[in-house]
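Novice: I have a structure I would like to understand better, so I am pasting it below and will then ask my questions one at a time.
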Amino acid sequence: MKLVVGLGNPGEEYARTRHNVGFVVADRLAQLAGASFTAKKFAAELAEARLGPERVWILKPQTYMNHSGEAVGAALRFWKLGLDDLVVVHDDLELEPFRVQLKVGGGHGGHNGVKSVNAHVGSPEYARVRVGVGRPPPRMDPADYVLGKFAKGEDAELDLCVEQAVEATRLAVELGAAKAMNQVNRRSRAAE
């Protein structure tokens with residue numbers, strides 16, 4: 001069994017914001033798997049699905065970004081899962097917009113949701129699907145930038161990016177992060 005976590009903030013006011021791209025990917029992954037978010041546990045919405053041979057719980061913390069790790073840590077402990085069973089999808093300021101990259105471990109890059117997950121699972125050594133949102137314009141607060149909505153003209157790019165992130169997540173679940181990284185990151189570089 002695997003746990004896939006989409007990071008975001010609950011509430012309609014955060015829909016379509018850069019910071020909520022993890023929720024968008026989680027929603028699309030559940031939709032493609034024929035699952036829906038009907039369960040509520042660990043202060044999160046949950047959907048049970050199958051990705052290939054793997055049973056997967058897709059989790060969207062409802063604690064707001066800075067406390068996302070509470071739900072993730074509770075779910076890992078409840079199902080007795082290890083860090084190699086965890087895939088977290090989140091926005092990333094350090095990646096150019098609409099670029100998808102898979103990595104294991106590393107720093108949180110100032111992302112408070114990732115920082116919270118690291119603290120509550122005890123390590124950064126888990127798979128992360130990073131979805132690039134780019135850097136804010138000069139003199140703009142990064143918090144305001146990530147809480148800003150994608151422009152209407154970015155819909156096609158966002159949709160394609162979400163599909164790429166869903167595929168990266170699926171590969172991480174089915175193949176394991178190490179094998180999946182080669183495929184995902186090679187595709188991401190080729191798209192440049």
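The backbone N, Cα and C atoms fix where each Cβ goes, glycine too.
The active site, proton acceptor feature in Swiss-Prot is assigned to HIS19. According to Swiss-Prot, the feature tRNA binding site maps to TYR14, TYR64, ASN66, ASN112, an assignment based on sequence analysis. Look at Swiss-Prot and you will find ASN9 tagged as site 'Discriminates between blocked and unblocked aminoacyl-tRNA'. As annotated by Swiss-Prot, site 'Stabilizes the basic form of H active site to accept a proton' applies to ASP91.
Help me picture these features in the structure, burial and contacts included.
Specialist: Using a 10 Å radius centred on the Cβ of HIS19 (active site, proton acceptor) and all shown protein chains, the other Cβ atoms total 22.
Cβ neighbour count for ASN66 (tRNA binding site) (all protein chains, 10 Å cutoff from its Cβ): 12.
Shown in sequence order, THR17, HIS19, ASN20, TYR64, MET65 are the residues of the chain, 6+ apart in sequence, with a C-beta less than 8 angstroms from the C-beta of ASN9 (site 'Discriminates between blocked and unblocked aminoacyl-tRNA').
ASP91 (site 'Stabilizes the basic form of H active site to accept a proton') falls within a strand when secondary structure is assigned with DSSP.
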Novice: Excluding TYR14, TYR64, ASN66, ASN112, please set out which residues of the same chain place their CB within 8 Å of the center of the CB atoms of the tRNA site, keeping sequence order.
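Specialist: Everything else in range on the chain: ASN9, HIS19, THR63, MET65, HIS67, SER68, GLY113.
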Novice: When a 10 Å sphere is centred on the Cβ of ASN112 (tRNA binding site), how many other Cβ atoms does it contain?
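Specialist: Looking across every protein chain shown, the total is 18.
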Novice: Whole-number answer please: how many Å between the C-alpha atoms of ASN112 (tRNA binding site) and ASP91 (site 'Stabilizes the basic form of H active site to accept a proton')?
Specialist: 11
